[in-house]
Amino acid sequence: MGAQLSLVVQASPSIAIFSYIDVLEEVHYVSQLNSSRFLKTCKALDPNGEIVIKVFIKPKDQYSLRPFLQRIRAQSFKLGQLPHVLNYSKLIETNRAGYMIRQHLKNNLYDRLSLRPYLQDIELKFIAFQLLNALKDIHNLNIVHGDIKTENILVTSWNWCILTDFAAFIKPVYLPEDNPGEFLFYFDTSKRRTCYLAPERFNSKLYQDGKSNNGRLTKEMDIFSLGCVIAEIFAEGRPIFNLSQLFKYKSNSYDVNREFLMEEMNSTDLRNLVLDMIQLDPSKRLSCDELLNKYRGIFFPDYFYTFIYDYFRNLVTMTTSTPISDNTCTNSTLEDNVKLLDETTEKIYRDFSQICHCLDFPLIKDGGEIGSDPPILESYKIEIEISRFLNTNLYFPQNYHLVLQQFTKVSEKIKSVKEECALLFISYLSHSIRSIVSTATKLKNLELLAVFAQFVSDENKIDRVVPYFVCCFEDSDQDVQALSLLTLIQVLTSVRKLNQLNENIFVDYLLPRLKRLLISNRQNTNYLRIVFANCLSDLAIIINRFQEFTFAQHCNDNSMDNNTEIMESSTKYSAKLIQSVEDLTVSFLTDNDTYVKMALLQNILPLCKFFGRERTNDIILSHLITYLNDKDPALRVSLIQTISGISILLGTVTLEQYILPLLIQTITDSEELVVISVLQSLKSLFKTGLIRKKYYIDISKTTSPLLLHPNNWIRQFTLMIIIEIINKLSKAEVYCILYPIIRPFFEFDVEFNFKSMISCCKQPVSRSVYNLLCSWSVRASKSLFWKKIITNHVDSFGNNRIEFITKNYSSKNYGFNKRDTKSSSSLKGIKTSSTVYSHDNKEIPLTAEDRNWIDKFHIIGLTEKDIWKIVALRGYVIRTARVMAANPDFPYNNSNYRPLVQNSPPNLNLTNIMPRNIFFDVEFAEESTSEGQDSNLENQQIYKYDESEKDSNKLNINGSKQLSTVMDINGSLIFKNKSIATTTSNLKNVFVQLEPTSYHMHSPNHGLKDNANVKPERKVVVSNSYEGDVESIEKFLSTFKILPPLRDYKEFGPIQEIVRSPNMGNLRGKLIATLMENEPNSITSSAVSPGETPYLITGSDQGVIKIWNLKEIIVGEVYSSSLTYDCSSTVTQITMIPNFDAFAVSSKDGQIIVLKVNHYQQESEVKFLNCECIRKINLKNFGKNEYAVRMRAFVNEEKSLLVALTNLSRVIIFDIRTLERLQIIENSPRHGAVSSICIDEECCVLILGTTRGIIDIWDIRFNVLIRSWSFGDHAPITHVEVCQFYGKNSVIVVGGSSKTFLTIWNFVKGHCQYAFINSDEQPSMEHFLPIEKGLEELNFCGIRSLNALSTISVSNDKILLTDEATSSIVMFSLNELSSSKAVISPSRFSDVFIPTQVTANLTMLLRKMKRTSTHSVDDSLYHHDIINSISTCEVDETPLLVACDNSGLIGIFQ
């Protein structure tokens, strides 16, 4: 712009700089970035974000910038294609100034060097590598930058470098050596006096000769400047030259190697790299390409060249756009780029196996060696095995396994891990996580960060990864919050070293954030709190370990004199930590949600260890013992399963005073699973020796009656406890003390081991006996059997002993002894009826009431000699039953009761409430609102197709007419027509015709904008017989969706009579007609209406539907179509609506239309009027570019369904009546694309065949996949059809094996019944065994069978199919397999089929070729193109076969 420009430019502008910006359209001035005299740099906003504007204020109005701007524009256009360059996107000249505009980035390289976290060595190397590649690309375009410095190198948040502010046409090439003012004016805009210019650019002679602008910049000048930049970044921001040092260096009076490089750089390779770039002689400076080749594998790691750089360059190009021709920028907006980071994160996730291979991460192939080549895309799994709860599975598209280890262990073996190259990916992922839109992608990002964190040092784990996990605590999605918490703990678990800056990370940073996370989620769902509670103990372990690290470092770094100070600070820090963890623990212990408490209990032992014995007693145990009274038995079970471990930690005193008495009381819990857990815990405590001998006898007396309990687990654990006690006692103690207690419960004396004792235990009482005993204990009133004796005896746990009345005791105190008048009066009116004996031969008196109960026991199977068993269980049952009695939901009287872990549902008292029947009536609105009732009756009579309606007007016994027949549609009751109202004395069941209570608007044209040619929608009125005024009931009744059956919809026409399937056994294969009207357009689908007037429907790839009158064609009267309908798009499928003159058509534009064929009888001829569109829907409303490729229709009194398979392998089910979408079934993509479908005769089962040879069986009632299998060589399955001849559970499968025509399977049992082999060689039986496991791991056959079948048709016991290669048609006879034959074949060979019984369940039909004639075959009688569709029908009792091929030819065979 002129060598002497510095002399004429104003020292300061006459007006404020923002006034120059205001003249620009759609630009808002923000601030001024520098105060340079040459170019004023401002920050502004435009519609697409922040921009930088460099303003050149013209020294005079006539000063023209056009030649400069043209050259800058041409240069920017070339540079716009490079990912390392940020060019000027807009250049503007006004009469006062020139403007160069580009995008604004926050940081340049100079700023980044001083920001935390500081760049690591591998990142500095990668930045230098990027800059050399960027400069190489620029020089390859014959462009020179001219002003490379750290301020002109922009850096993204993940350290991708971008060169900007090219100065070749803006600033002078040469500067005077004696005037530093020129350098300050043009190049020292930051006023740091740092010089990056090559020494040869300071040349006074060339400057004075006027070549400062006309001189040519050289590539060597850029190399020198870049060498200065690389030296500065490795010197932690210290510049290699200022202006005076550069002059000294030029005069050889400054030794840069000794005075700078040796001081700042330890690496000899780095020093040599810089020296090769800053040589005084430009010719000795190496080019970028030479530098990269020379230092490959020496200074720059080899994986920079082979993988890393290219991979990140691809990521950059994914997030940017390339300018179109003649433009320097694109108009990409922020809205367009909102999901770009989602795409790049997904790419890293998909490419993880490739990343591991290229960086030598310890990736192990499942069943293979380290680093082996990946197989074809299947499944990839990473298992994190560092922490107890973090055995997380990450799924990637490769079949590999990664065992993550501590950094120190891996870095010793692998160079790339030691260099921490994973930091490059961590920088990218961590800075993108907050801008990711999709929750699923954000979860993948967290998983990747957790995995990559294992390959960086402990310091970088904390500084570079942990903050981003913590920032995800603020995310609105609980899945993200929970996974961020899990990954945080996982990463911290592997940390083994701490630096001084991170010593207080928990107190100052993590714990306050965790508390805030917990508080902020109080009002949300419990998922996060459950995860947090489960992780708390692991967090406590990490905190404890960090404390140990900190203390050890202080002891090593300080002298003994400072030990007191260290101890004090450590004590304060520990107190804060313990208090914070205590607050979190109490919060979880007192949480309102049971599952949060259970999650804490699952891993509470490390937390107890963290607090120590005293604090555990005060904080944890005091809360835990209250859980035994909780209503939720699952919580009680969790506590009891944990309590034995806590007991070991707390010791015998706490066990005997608190824990053991509570466990003994809990043996009588109402839930048997709780009792099992108690017995299991007692067994563990006995085994560890924590329970002293003084408790053995009382525990034996309490538990030994449980050997008669009906629960098998309770009996076994009771026996295990007895065996543990026996092992702890001496032989004398066993036989003198324990043996008398347990002997009654065994048949005979045995050895004291589990196997012997379990085999000779007395038979337990049955469940019905036990439940009746519980019921008796609660309901007993005048009973001596349950009468307890008041006693002051207590056992060793402080519980009162239970003693019952015996005959001796009652005789002494109640029956004959008059001294105890108080006790006698309490039994007044009670008379003994008989006695029973206990297991210790004591007589127990019974009252008459007791005797009645005993008789009940006899009735349910308890013999008289086994009555002692219920006597022995009295003490246990009376405690258990009292607990049950406190629970109003417990079913005492149900003899079939089986206890469950979960609480029983609320027991509503329905004793005096009778069920109420509510009837629904449904009719079309125009019928219900019409004034003339006669016309309604007429219409109803026209559409009476159900035989049950014929007797609907018969009189009942009382002479009144019966109500009309009620039918069941979708689980609700409706009337077929109105009847005269009746009265009855039972007001709960009266039906009265009410006014319409709700209108169900069902549009048959859902989702369409243009419905001009579609039948208008019809309103349906639904009324019910409810006469009450309870709002909740009325609201509930209004939720029922009731529709009339399809036969009541007039637009579908009258229902056809059931026409039997044609008898194809008489088919001879004679060609009687050839229709060529459709040539050369391919016929893609066809169908035949089987009614009284059979007609053929064909659809072509041009979207034309044609209707053909088969009767007239056979007679020879016409050979053209009767009707034509244009669908405007390729027809993919035609399917008939059963029992109606209507059919459904799907096309590639996403449309599904239902057409009705209108025709009438004129004398003996049938005249076709038109095709009327009665329903229409567009699948593009549900999915982009989606259309149906297969359809099936099903109609009965309850359902009218249209099942459509789309090109996206989704199955969509519609209601034919309204074309409303009912459900979507999405099959697993791992099973392959769905290629064929069929439904069973009850429309409950959907059968899918896939391109990977897998058969999937779905229950469409519950949208559940119930079975999948493959067989053979897994060839693609092209057709599946229901085979009713062999039963409702049989399905015909074409495909799966390249050796068969087809196979017939029982899809319920999953075995092959028949196999139709396409050769005379019998395959192995294993070929037809179902493979149900490991379907995703099978090697699938990607090609179809050589004898591929193009289409199939099933008619009763006949299966007709076409051979794609020969266009022959084969007919298999299921009734007589040996009579199967090729009915239409152009070959000189005939097929002979030989049935072979292989097993009782499998029959094979082998095909054998046999020459039939030596004469030539008349080719005109056969199809010469692929047959796309075949159909069968019967006209005047003559079976017909209609075949339509790819050339548009229709052949009719008789």
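Even glycines carry a Cβ here, placed using N, Cα and C.
Between the candidates K54, K58, Swiss-Prot assigns the ATP site shared with L33, N34, S35, S36, R37, F38, L39, K40, T41 to K54.
According to DSSP, the secondary structure content of the repeat 'WD 2' (1126-1165) in residues is 0 helix, 26 strand, 14 coil.
Across the fold, the C-alpha of D147 (active site, proton acceptor) and the C-alpha of S35 (ATP binding site) stand 18 Å from each other. Figure note: comparing Cβ neighbours within 10 Å for the binding-site residues S35, T41, the maximum is reached by T41. Other than the site residues L33, N34, S35, S36, R37, F38, L39, K40, T41, K54, same-chain residues with C-beta atoms no more than 8 angstroms from the centre of those residues' C-beta atoms, the ATP site, are Q32, V55, T189.
Listed stretches 460-497, 615-652, 1126-1165, 1344-1382, 1422-1454 were compared with the repeat 'WD 1' (1078-1118); the greatest number of C-beta pairs under 8 angstroms is found for 1422-1454.
The local packing around D147 (active site, proton acceptor), expressed as other Cβ atoms within 10 Å of its Cβ over all shown chains, amounts to 23. Below 8 angstroms of C-beta separation, residues 388-389, 506-507, 511, 514-515, 518, 526, 529-541, 543-544, 547, 619-620, 623-624, 627, 630, 632, 634-635, 638-639, 641-642, 645-646, 649-651, 654 of the same chain, each at least six residues beyond the ends of the repeat 'HEAT 2' (576-613), sit close to that stretch. Mean pLDDT for the repeat 'HEAT 2' (576-613) in this predicted model: 93. Looking at L33, L39, the binding-site residues in this record, the fewest other C-beta atoms within 10 angstroms of the C-beta turn up around L33. In the repeat 'HEAT 3' (615-652), helix, strand and coil residues by DSSP number 34 helix, 0 strand, 4 coil. Secondary structure of the repeat 'HEAT 1' (460-497) per DSSP (helix as H, G, I; strand as E, B; remaining residues coil): 31 helix, 0 strand, 7 coil. Other Cβ atoms within 10 Å of the Cβ of R37 (ATP binding site), summed over all protein chains shown, number 17. Here ATP is bound by L33, N34, S35, S36, R37, F38, L39, K40, T41, K54 per the record. The longest Cα to Cα distance in that group is 13 Å.
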